[in-house]
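Enquirer: So that we are looking at the same thing, I have put the structure below in structure tokens.
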Amino acid sequence: MFNEITKSVTWNGKVLELSTGKIARQADGAVTVKMGNSVLLCAAVVANKAKEGIGFFPLTINYREMAYAAGKIPGGFFKREGKASDREVLVSRLIDRPIRPLFHPAFVNETHVTCTVLSYDPETPVDILAIIGASAALSLSPAPYLEIVAASKVGLIDGEFVLNPTLELLKTSQLDLVVAGTADSVMMVESEANLLSEEQMLEAVKFGFESFQPIIKIIKELAKEAKKPKFQMQDLYPASLKKEIEKLFVKEIKQAFAIKSKQERSTNLDLIHEKVLTHFVSDIENKKYSNYQIESALKSIESDILRNEILEKNRRIDGRSTTDIRQIACEIGLLPSAHGSALFTRGETQSLVSTTFGTSLDEQLVDSLDGEYKERFMLDYIFPPYSVNEAMPMKAPSRREVGHGKLAWRAINPILPNKVQFPYAIRVVAETTESNGSSSMATVCSSSLALMYAGVPIKAPVAGIAMGLVKEGKKFAVLSDILGDEDYFGDMDFKVAGTSEGITALQMDIKISGVDFKIMKAALEQARLGRLHILDQMNKIISKPNSKLGKNVPSTTTIKIDKDKIRDVIGPGGKVIKEICETSDAKIDISDDGTVSVYASDRDKLKVALDKIKAIAVEPEIGEIFNGTVMKVLDSGAFINYLGTKDGFVHISEIAEERIETVGSVLKQGDIVKVKLIGFDNKGKAKLTIKNADKDKSSNNPKQKNNVNNSKENSEPERRDSSKKRAWNEDNNSDTTEVITERKYFN
């Protein structure tokens, strides 16, 4: 019944198996990929006819992670997989980028590739298997897929490169890099790095490139045995058509490309396109040429003009040399109500960023095959149509926006402080208000500026730059800070972000074969120099984080309590914690390990909530000093309430240094006094003293005398040594910690 063909290879100690002919047999190409306990089905379908009137290749990649693959039922109200998650979108783009340039340029048939995770093994990189499976499925299909792609993941642990590291290993890795390519060339690189050098990044790419060569071999073997006949393709347009257009219109096209303004240049080129189509209207009606052929020939002429100017004259369409970077302008703090804001402008590309701080309750909950986790740092990239002067409606985030946002996220994430150093959730919203090339790298720059202005103690400023390439034969030119047209007509889009010390993110897409490591090395070095120049310009505005947070940033404190006390703080049905939140107007988040995070709009509200939590969860130490309230006066002494829920007794002999006749002559019900815990009686009740409590060095206000006052202040716990930033139970070897974020991070 089945004519199954299987090819396998041992890869990094595991067997990778590709098979076809058993599942999804009606698809033009279908491959099942197995490695460890991971199983993926990759199916490719190609329309029989070209799509009329379309000016691009309609390739769609869909990567899907089914919950059952990890033995789970989808969370939420609907127990079925819905729209693609950000992770699925990002992997779909990861598959698309190395594959798209390898189709015949004249091929415009609708093509769909679906990669479905059927079984998930966290020990194997399913995103890498999806790229391999998609490439194999297309190689079996009739689509004119000209070369075969494979991919690998590279980590860097203890100075050694690791092939296809597990999720657990990636937690300690200095690098998370995906590289894809053919037998001859690297086609795509995507990475996040912890301040690695250009040399380390290049070696990682080489390591990954060499590692996937055996995979290309077995895909070729599978395709040779099982593939279907390929579509026979003709040239994109007749050579005579291009010559005729050049003869009639090349002078006008060159004049248009001499215009430095993007909008003016685009308007002039659009008019020329209309003029050319009008000239060939009879040929279009007679079906001698199609609109697509004419447009393609025009684009080829435009490409020749742009590329020749660069290679022959070292001159770009805006007048710059290959290494020049456009003029830069930076501004910070322009949005008064935002916690942090910045505007970064580089030529005709501009990014406006706002930074907002939230509580741990505001962190993004992510449901994945590996389980649920929270993202503390969120970066949303927005590309409104007006940024390129297009009249279009605003829609849900596109795949491009998700991808660009994640690239900027990777660039910023390595330099952020950890949660102990900075306990806030951080959301960065980056709106591209103008775009003419490299808007994602402008987002990196503006995000770095906004975070520093907001007071986030980042390790170092970060900048990003997009590099391009024009290559003809052995002659090539690497372009710094590319324009949109240079990206479109060029051979490479190479984005590099990092600090002055090293790279934090790298993304490379190559459109041609033959880009060797010599070219990549030159591009990385040129990018380093460009990045340093941009950082110099940014540092003129702000070079390190502000020492204080803004006035409208919520105050926060984090303490740790015993796990056994969590239930007491929460109370039955959440009654206690709700009461604390309502009376203090604060937000409280309690982790399973006993970490309690308290957030409030000001310090007073924060203190009220914190006092109530400590009153419930913290056992006082002997020697601790508190503000207490006199609850009842007796002949022998007085009962004092402290920490809100705790009571102790002060004997008459412990009220004053001198002898007093009656307790009532000194204390009255409702008085606020300082008391020190001196011990417990045989029934466990607290014994307190008022004598010398105000003279103890631990008093928060040692100059204040312990006079009776009738103010209605909230009882406030105090510590024996206020100079020590310790928590309540440190003397008992507790791991309690308290972090107050209204402080200076830099001296």
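Placed from the backbone N, Cα and C atoms, the Cβ positions cover glycine too.
What Swiss-Prot records for ASP487, ASP493 is Mg(2+) binding site. The annotation domain 'KH' is assigned in Swiss-Prot to 554-613. What Swiss-Prot lists as domain 'S1 motif' is 623-691, and the listing cites sequence analysis. Among the features that Swiss-Prot reports, region 'Disordered' is placed at 691-747. Taken from Swiss-Prot, the feature compositional bias 'Low complexity' covers 699-712. According to Swiss-Prot, the compositional bias 'Polar residues' annotation covers 730-739.
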Enquirer: How many other Cβ atoms are found within 10 Å of the Cβ atom of ASP493 (Mg(2+) binding site), counting all protein chains shown?
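Expert: That number is 21.
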Enquirer: List the same-chain residues at least 6 positions away in sequence whose Cβ sits under 8 Å from the Cβ of ASP487 (Mg(2+) binding site), in sequence order, or say none.
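Expert: Long-range Cβ contacts: GLY437, ALA466, GLY468, ASP493.
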Enquirer: What does DSSP call ASP487 (Mg(2+) binding site) in the simple three-state scheme?
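Expert: Helix, per DSSP.
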Enquirer: By the DSSP assignment reduced to helix, strand and coil, which category contains ASP493 (Mg(2+) binding site)?
Expert: strand
Enquirer: Would you mind splitting the domain 'S1 motif' (623-691) into helix, strand and coil residue counts from DSSP?
Expert: 6 helix, 34 strand, 29 coil
Enquirer: Can you count helix, strand and coil residues in the domain 'KH' (554-613) using DSSP?
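Expert: Counting residues by DSSP class gives 32 helix, 17 strand, 11 coil.
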